[in-house]
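To start, I am sharing the structure in question, which I have written as structure tokens.
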Amino acid sequence: MNPQAKLIFIISLFLGTTITISSNHWVMAWTGLEINTLAILPLISKSHHPRAVEAATKYFLVQATASTLVLFSSMTNAWYTGQWDITQLTHSTSSLILTAAISMKLGLAPFHFWFPEVLQGSPLTTGLLLSTVMKFPPITLLFMTSQSLNPSLLTILAILSVAMGGWMGLNQTQTRKIMAFSSIAHLGWMTIILIYYPKLTLLNFYLYAMMTAAVFLTLNSMKVLKLSTLMTAWAKAPSLSTILLLTLLSLAGLPPLTGFLPKWLIIQELTKQDMAPAAMIISLLSLLGLFFYLRLAYCATITLPPHTTNHMKQWHTNKPINPSIAVLTTLSIMLLPISPMLATLV
């Protein structure tokens, strides 16, 4: 892709995100979402491979439908209340339609089927943008309308997302699809706490984005797209494989790594809100996700590949590690001790 065109698309991406997160009017928020969608499409389909074009088409259709529902929801609310302000979403039908629209944009179950397919058809760097930057505007809209949303509906969507993200990720062999199901499961954790402690949703999103960025950048450096490639990567890049192991365990939410912090705070808050059964269900379902993270981690650190598979021996490379990977990995595994400070920030 032409570097100038790429720069324009990336600037448009961040412009659309900024417009949505800083707007008070529904039409401005919708405009930002549309700019975002149009800017990411060329980045998804830049390889011109049929799979990439298919992914871009699926992404466009789903996002266009969700944007239409956002506009319809805000217009219905304005019709009944005379308010175009995002925080004044008081009409019950409008809030239900908005919840469905944002769930579709984010890839929350049961509107999640498009996300793994789109991620599988995209390059790893675009997959990183789809999993982090593109989720931020819809999460912000949920944050701003959180007092108007239906708690029972959000809890059901959250538990469904964690269950589907765990179950459907179990038998995957493609790293991008595994990361897609991981994203769906994490969104479930963010959604369940949204009504009761919205700032905790944002904290969870920031930490998730940081850990996911570390995983995607590491996979991109190792040029790993499937598990069979990952199993022979130790000889080529042992340091990157070790980094991947630690970041994956952090994404799984194991103490004493950073990923444990949001899960711990969310379970604590749910228990305070007399939602211990929901906390217990979501914690048990997250064990499904833990299984495939451990599977990935095992494949990343296997030092002697099985002799039954034919593979090329790869040369050990002394290429220096990207500084951004080093910084993100350090943050992904070492933020738990300063959790009291992070808790005061939210």
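Cβ atoms are placed via backbone N, Cα and C, with glycine included.
Remember, predicted model here, so these are calculated numbers, not experimental data.
Residues annotated as transmembrane segment in TrEMBL: 5-21, 56-75, 95-115, 152-171, 178-197, 203-222, 243-266, 278-304, 325-343. Annotated domain 'NADH:quinone oxidoreductase/Mrp antiporter transmembrane' per TrEMBL: 23-288, in sequence order. The domain 'NADH dehydrogenase subunit 2 C-terminal' annotation in TrEMBL covers 290-342.
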Examine the transmembrane segment (278-304) against the transmembrane segment (56-75) and state whether at least 3 Cβ pairs sit under 8 A, considering only residue pairs 6 or more apart.
no
Give the mean pLDDT for the domain 'NADH dehydrogenase subunit 2 C-terminal' (290-342) on the 0 to 100 scale.
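Averaged over the domain 'NADH dehydrogenase subunit 2 C-terminal' (290-342), the predicted model reaches a pLDDT of 77.
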For the transmembrane segment (95-115), give me same-chain residues lying six or more residues beyond its boundaries with a C-beta closer than 8 angstroms to one of its C-beta atoms, as numbers and ranges.
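Same-chain contacts beyond the flanks: 33, 58-59, 62-63, 65-67, 69-70, 72-74, 76, 89, 130, 135, 138-139, 141-142, 145, 148-150, 153-154, 157-158, 160-161, 163-165, 180, 183-184, 187-188, 191.
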Please indicate, using numbers and ranges, the residues of the same chain that are 6 or more beyond the transmembrane segment (56-75) and have a C-beta under 8 Å from a C-beta there.
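Residues 26-27, 29-30, 33-34, 37, 40-41, 44-45, 84, 89, 94-95, 97-98, 100-102, 104-105, 114, 117-118, 121, 130, 141.
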What stretch, picked from 5-21, 178-197, 243-266, 325-343, has the most CB pairs under 8 A with the transmembrane segment (203-222)?
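Answer is 243-266, with the largest number of Cβ pairs below 8 Å.
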Check the transmembrane segment (178-197) against the transmembrane segment (5-21) for contact, please; criterion is three or more CB pairs under 8 Å, pairs 6 or more apart in sequence.
no
Who are the chain neighbours of the transmembrane segment (243-266) in space, where the CB to CB distance is under 8 Å and they lie at least 6 residues beyond its ends?
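Here the qualifying positions are 182, 186, 189, 192-193, 200, 203-204, 207-208, 210-212, 214-215, 218-219, 222, 279, 283, 286, 289-290, 293-294, 296-297, 300-301, 321, 325-326, 328-329, 331-337, 339, 342-343.
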